[in-house]
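Below: the structure, in structure tokens.
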Amino acid sequence: MAECHPVGFQWVMEARLRGAKVFHIDPRFSRTSAVADRYLPIRAGTDIVLLGALINHVLSNELYFRDYVLAYTNAATLVSERFQDTEDLDGLFSGFDPETRRYDPSSWAYEGDEEATTDEMREGGATHAEAAGSDSYGARGAGASARPPTDPTLRHPRCVLQVLKRHFARYTPEMVDELCGIAPEDFAELAEAITANSGRERTTAWVYSVGWTQHSVGVQYIRASAILQLLLGNMGRPGGGIMALRGHASIQGSTDIPTLFNLLPGYLAMPHAHRHEDLADYLEREGAGTGYWGNRRSYLVSLLKAWWGDAATEDNDFCFDYLPRLTGDHGHYTTVMGQIDGTVKGYFVIGENPAVGSANGRAQRMGLANLDWLVVRDLTLVETATFWKDGPELETGEMRTGDIATEVFFLPAASHVEKEGTFTNTQRLLQWREKALDPPGDCRSDLWFYYHLGKRIRRRLGDDEIDRPMTELTWDYPEEGQYREPSAEAVLREINGTGPDGRALSSYRELAPDGSTRCGCWIYCGVYADEVNQAARRMPGNRQSWVAPEWGWAWPANRRILYNRASADPDGRPWSERKAYVWWDADRGEWTGHDVPDFDLRKPPDYQPPEGARAEAALSGTDPFIMQSDGKGWLYVPSGLSDGPMPAHYEPHESPVLNTLYGRQANPTRRIYDRPENPYNPPGAARFPYVFTTSRLTEHHTAGGMSRTLAYLAELQPELFCEVSPQLAAEVGLVNGGWATIVTSRTAIECRVLVTDRVRPLRVQRQIIHQVVVPYHWGHEGLVTGDVVNDLLPVVLDPNVYIQESKVCTCAVLPGRRPRGQALLDLIEEYRHG
Amino acid sequence: MRARRGGDSAATVPEAELRSYYGQPVLKPPIWHVPHMPVYLYLGGLSGASSVIAAAARLSGHDRLALAARVTAFAGAGLGSGFLVAELGRPERFLNMLRVFKVTSPMSVGSWTLAAHSGLTAAGVASAVTGLLPVAGDAAVMASALTGPVMATYTGVLLADTAVPAWHAARRELPFLFAGSALASAGAVGMLTTPRAEAAPARAAAALGAVMETTAAAVIERRLGLEGEPYQQGRAGLLMKTSRALILAGGLLATVAGRSRALTAASGLALTAGALCTRFGMLEAGKASALDPKYTVVPQRERAGGRRLTVVPDRDDGPHA
Amino acid sequence: MAERVGFFTDSSVCIGCKACEVACKEWNGVPDDGFVFRATSYDNTGGLGADTWRHVAFIEQDGRWLMSSDVCKHCTNAACLDVCPTGALFRTEFDTVVVQPDICNGCGYCVPACPFGVIERRERDGRAWKCTMCYDRLRGGLEPACAKACPTDSIQFGPLDELRERAAARLERLHADGVDEARLYGDDPGDGVGGAGAFFLLLDEPETYGLPPAPVVTTRDLPQMWWWAGGAAVALVGAVAACFAGSRR
Amino acid sequence: MADGGWISRWPVFRQLQGEDGRRDAARSARTDALRPRTEQADTVARSVCPYCAVGCGQLVYVKDGKVTQIEGDPDSPISRGRLCPKGSASKQLVTHPGRRTEVLYRRPYGTEWERLDLETAMDMIADRVVRTRRETWQQTHEGKEVRRTTGIAGLGGATLDNEENYLMKKLYTALGAIQVENQARI
């Protein structure tokens, strides 16, 4: 966190000054480790073992926050008797089909729910999984009963708590020692610290970044920490939570208002050709009717009205058919394979640099080289724009400029100060940026580009039926200034939504299912409440409370901590004075507190839903997790995930270590691209003995387009380097300041060497495992250049959200610089086949 | 990669290790260039001592020697000023040297002295060459006998008044070293530019100067200990040793050179070369002393805490770039 | 005259992010220092100089990774200022030491005079440069760019007396927490430079960070040096007189 | 002080009048006039750092149509005026000489970049979108109505504004382009 989010880290440093204890668990001793109380090195790709052992520690020693767990989680809920655990099936859950390598999740359901989930068209089914369906649950769980059978004594063998206990029993400190390389005494210290620091009076927070997500089991890493935090009562409470520290200014916004294939704004799923023939189908099959998702008709219809305006009517399903349909995976890596195969002809790359930033860069560039046309918009000429001129494949002779047919348009972009608009930061906070000045030369905002491109396209279309989604699209924004910039405020107002009177809505609770309201993204509804740009609010921090509710605007409804109903006990009183956040004010008959309560304001703690209630009305006064169909925090996920209802440790796709927890080595449902462009290191190949992991540096930014180009940052970290332990250096013959070549089946790169005690060899299964840590910010453009580290990575994806496993693979390390030209290809060939 | 110099060596007790930051210098070395700075130091000293000789010769009736010394003093000051200006990062701003007067700055004192000295020696020479205003010319020469000794010695303070360990530690001896060297230089030039019959005082000056410089150098070597090491090692050591030999030889020859043109020439050239070597050696020693952190750290440690540090031999575990 | 201000750099909370280095350069328009991979931990700018006015040192030790942002000390008795012949270096109303680039003629004397090796001549420009403690910002009531940027408040700016109190309290706290190796550096007005305007809390010996353990302003000995020079001058005159004695023509 | 000509400003003269040669006497006229350049700004925009997702507040100072300084916004309860090295380098990000401000075009099989007028480039791109969409249109797939094209794809960075992402998704979806992806997946 100190390394990649230094300014956010000020709060951790401040907490430390007030007595907080900070543990840093990372394969790499970073600047965070330097100021943490304890640093625990871990073998990359084994966090579920550690988290699972913590869960086991909490469960077997009865250290969980019983009142919280009983009231607010599904611990007491009974699971179907058809469910079989990894304990029973040696690393598989029930429902696995070895042919398709997919699960039928129906047996994972709550008792009594099994029938409802057998349809493979439904959530969690194979069709659903094949289109990254689980990813649309960014803010919710999938459908399940609002009132499943429970055992409040928590003793029933099929109640979730007992299921968890059995599942995690094998996650012992000894396994942590054996697989993670963390000694039992270090584990004990961590376990003691987090349990002692959780409960009524205290809360513990977990912070993660892509070190948890970029794995073939990435979603289950987060699930494991969610289980732990729910057991300890650390969710929805101040000082608790699981914080995702995201690496880009509006990467949160990019999922909320997604440019992602499987999502519509506000985490509504893109319709699927087989699952959603019409609007009714869609509403029927996308989640349960209880909890806030029970209102999804209002959200979706308001979106369709925002897009197609008066053309969207009750009679035509509000133009639901104008939405193109998915039939499977249309994600980034599949798109690249489509480029190589020639099905994808045109490509827009907007402020992104896949030639450096995506796994298996060579495949990325092969895709680019096989396009008809490519549009790149950026501040500088990034590698994605210049691959045809000086890409690595030209050096090896695999490509020749004169053979590449791709027509390339490079359009310079406006910088963040040359346009106005909102970023959504890592805590869901929308902040409006004022425009400081006009962009120079041909530079324009992406808003300008898409708006004017859309206008031009519309002018070129006729009244063909297939053109109607375009010609009937609401595409009319006020234009401002010398460049006729579309008004970003008008767009934000459309996102916020308007009511029947045309006035801006102030809350998603005002959205109607009948087409009378329009709203571009329901979770952002309220950002333009009272016709005021709430994201532009700038009440100085020192002139408001520590929650700072008047700075910017957080979705949903300006709540700063989600599910904060859980900060009060079931009766609505704070768990403790020290941790008071929101509470029930019985006199006024409403919820109040430091933050906007994430609950129906007037729903009393003793509210019991009437039979047949829908949406939020179906949740009781003690159900804080209001997006869930049952209002509970899910220790066990009965449906929605592709790879199991509970986390299980699987080794990374490429690993030098045998999985001793189960008979299954790697995640059985991981997505693999078995293609010549994407060779994998053969399992168990002794020629790739080292664990390879990528990292970031404070001084650079992701693929480097915004940092390698700047002298003030380039000078601070001018060259690509690897960090290796003195022991590995001695073993391979590396010298501090010298050169190393790192080899995988994909390619070989060269880098300078930093020999450092900070990288520690780990004792894993009675052998020494060396890890090689390499920051990935370099490419062949910019003031400082270097080989592309992501070229080393294979494309293998998490089965839920299709994120690539870029945090771990295996490699070989050689001293000295890499060969050039054909000799490089020969070297890789030699390593590929042994 | 370790920050401690020789940190891996088991031969030393950690407490007594000299630590440094990757073996990097603590100080910035003097940035003065070769040959500008040493040549200026030589010329300034030559000019200063020559003006004293010129005055003494004038007073004692050694007119040929007086004229030669007068011209030498002027030429030394004039040429020296040129080298000094060329040494500046912004030569066009040389007049800023006279913007303030700071006794805390030997360079300020030196600049004002050089300005006065150059003017006086110029007046002396102008009068002698043109024959105009002889009284004023003589007065200028007499006055330059006051600025001259400052010229010959302030340079010692100039070097000593820095953080460079080898220079600062030698702060007592440096003025004597420079005065002696200046005297020897002036004597040498006097010997070479004056008929032998009249050059006896110049030869004496050369010999005395050589004694003074050699003595000062020997004291530096004896007294300084670790901080004096740079004068004895590397390029600086070589220059200083050469200088010592040349000065001694030149001084000895000066005492016996009265009858021989060849010996006079040999003595004068040896002393001049020796004086130049001294100046080049001084600059080299200063740079070497600033570049090795041990000369900064060890004496300071000993002064501060009385804790003695073992100096671990240099090992290249620093930057590899 | 305004109150004396300074920096207290608390290396125990430094995260080595180098925001100070960059913020300084952005404000002061300092050129880059070249793109050289030095293989000295995460330090690739080496040290303070004409083109680096804030510099973060990285020291790797067994189990520890020390980081500290170095800067000009703005000494109470500043050698660079004392020896500057042009008056380009001067003491401001805030008791800081600043080079005036419109005056400096690049004589270079300040460079070896500094006991901390801070000030340096930029060769392509011919003038000496170093931290100004953002003198222009101070005149507008703003804090220096580095202190403002510092994410963890490792660099604190303020009235020097106040900073010294804060530092003493911080040291006490660290010692109470068992961090025995913590020590202040440059805070003592009785030290060889009369106390620094920019002082530090370090976690190891100063020389580990590339700092001199007990620096002394060279001009402390200047009166003595002038006396010795006077003696040498007299000796010179005496020697010349001796040479001419008895050879009067 | 500037009244009496150079003599009265000459530090030596001022020293004689009792000013300290290491303090006031040494000051130049430029020094006397120094002020923070942010005071001269024509406008100050309240912005947000474009690098990571912490969302630090930035103040952008503009003078004569040029960004003269970007620094932390002390009002921000998130960052309290502080910035990391990247955020601190923001002015260089928007003003550095390597930044491109002209449209470049590489024709098929071309070996060099060519200049292109922005309007022309926009028209050419619009032509290509319309053509590719028509050529690759899928009305049905495996017997199901899909109304889409898999011939056009997009990949966006995560430094795009919400408003930009919104128009992108809206336009792509209306065009029937489904392979719309973002750094957020990567």
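Count begins at 1; order follows the chain as displayed.
Heads up, the Cβ atoms here are built off N, Cα and C, so glycines get one too.
Just so you know, TrEMBL annotations are computer predictions that nobody has curated.
Remark: C:CYS20 ([4Fe-4S] cluster 1 binding site) has C:ARG54, C:VAL56, C:SER69, C:VAL71, C:CYS146, C:ALA147, C:ALA149, C:CYS150, C:ILE155 as non-local neighbours, by Cβ distance under 8 Å and separation of at least 6 in sequence. What TrEMBL records for C:CYS14, C:CYS17, C:CYS20, C:CYS150 is [4Fe-4S] cluster 1 binding site.
Neighbours of C:CYS146 ([4Fe-4S] cluster 2 binding site), defined as other CB atoms within 10 A of its CB across all chains, total 29. Among the features that TrEMBL reports, [4Fe-4S] cluster 2 binding site is placed at C:CYS24, C:CYS131, C:CYS134, C:CYS146.
C:CYS114 ([4Fe-4S] cluster 3 binding site) counts 29 other C-beta atoms within 10 Å of its own C-beta, drawing on all protein chains shown. For C:CYS72, C:CYS75, C:CYS80, C:CYS114, the entry in TrEMBL reads [4Fe-4S] cluster 3 binding site.
For C:CYS84, C:CYS104, C:CYS107, C:CYS110, the entry in TrEMBL reads [4Fe-4S] cluster 4 binding site. Within the same chain, residues at least six positions away from C:CYS107 ([4Fe-4S] cluster 4 binding site) with a Cβ under 8 Å of its Cβ are C:PRO85, C:THR86.
Among the features that TrEMBL reports, domain '4Fe-4S ferredoxin-type' is placed at C:5-35 (among others). Among residues of the same chain six or more beyond the domain '4Fe-4S ferredoxin-type' (C:5-35), those with a C-beta under 8 A of the stretch's C-beta atoms are 42, 45-46, 49, 51-56, 58, 65-71, 74, 94-96, 122, 129, 131-134, 137-138, 144-160, 163-164, 166-167, 170, 174, 179, 182, 196-203, 209.
If you look up TrEMBL, you'll see C:63-94 (among others) marked as domain '4Fe-4S ferredoxin-type'. Summarising model confidence by region, the domain '4Fe-4S ferredoxin-type' (C:63-94) averages a pLDDT of 97.
Positions annotated as domain '4Fe-4S ferredoxin-type' by TrEMBL: C:95-124 (among others).
Per TrEMBL, transmembrane segment is recorded for C:225-245.
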Practice problem: List which of the binding-site residues C:CYS14, C:CYS17, C:CYS84, C:CYS104, C:CYS110, C:CYS131 have their Cα within 10 Å of the Cα of C:CYS72 ([4Fe-4S] cluster 3 binding site), in sequence order. | Solution: C:CYS131
Quiz item: Using the Cβ centroid of C:CYS84, C:CYS104, C:CYS107, C:CYS110 as the reference point for the [4Fe-4S] cluster 4 site, which residues of the same chain not in that list have Cβ within 8 Å?
Solution: C:CYS80, C:VAL83, C:PRO85, C:THR86, C:ALA88, C:LEU89, C:VAL99, C:ASN105, C:GLY106, C:GLY108, C:TYR109, C:ALA128
Exercise. Would you mind listing, in sequence order, the residues at least six apart from C:CYS17 ([4Fe-4S] cluster 1 binding site) in the same chain with a Cβ closer than 8 Å to its Cβ?
Key: C:VAL56, C:PRO151
Quiz item: Over all shown protein chains, what is the count of other CB atoms within 10 A of the CB belonging to C:CYS131 ([4Fe-4S] cluster 2 binding site)?
Solution: 28
Quiz item: Just the number: how many Å between the Cα atoms of C:CYS104 ([4Fe-4S] cluster 4 binding site) and C:CYS14 ([4Fe-4S] cluster 1 binding site)?
Solution: 34
Practice problem: Please work out which residue of C:CYS24, C:CYS72, C:CYS75, C:CYS110 has the most C-beta neighbours within 10 angstroms of its C-beta, and give that one of the binding-site residues. | Solution: C:CYS110
Quiz item: Cβ under 8 Å from chain D: which of the binding-site residues C:CYS14, C:CYS114, C:CYS131 qualify?
Solution: none
Quiz prompt | Neighbour count (Cβ, 10 Å) for C:CYS134 ([4Fe-4S] cluster 2 binding site) | solution = 25
Quiz item: Which of the binding-site residues C:CYS17, C:CYS72, C:CYS80, C:CYS104 have a Cβ less than 8 Å from any Cβ in chain A?
Solution: C:CYS17
Quiz item: In sequence order, what residues of the same chain, 6+ apart, have a Cβ less than 8 Å from the Cβ of C:CYS14 ([4Fe-4S] cluster 1 binding site)?
Solution: C:VAL56, C:MET67, C:SER68, C:SER69, C:THR152, C:SER154
Quiz prompt | Separation of alpha carbons, C:CYS134 ([4Fe-4S] cluster 2 binding site) and C:CYS110 ([4Fe-4S] cluster 4 binding site) (Å) | solution = 20
Self-check item: Those residues of the chain, 6+ apart, with a Cβ under 8 Å from that of C:CYS80 ([4Fe-4S] cluster 3 binding site)
Solution: C:LEU89, C:VAL97, C:CYS110, C:ALA113, C:CYS114, C:VAL118, C:ILE119, C:ALA128, C:LYS130
Quiz item: Helix, strand, coil residue numbers for the domain '4Fe-4S ferredoxin-type' (C:5-35) per DSSP?
Solution: 13 helix, 6 strand, 12 coil
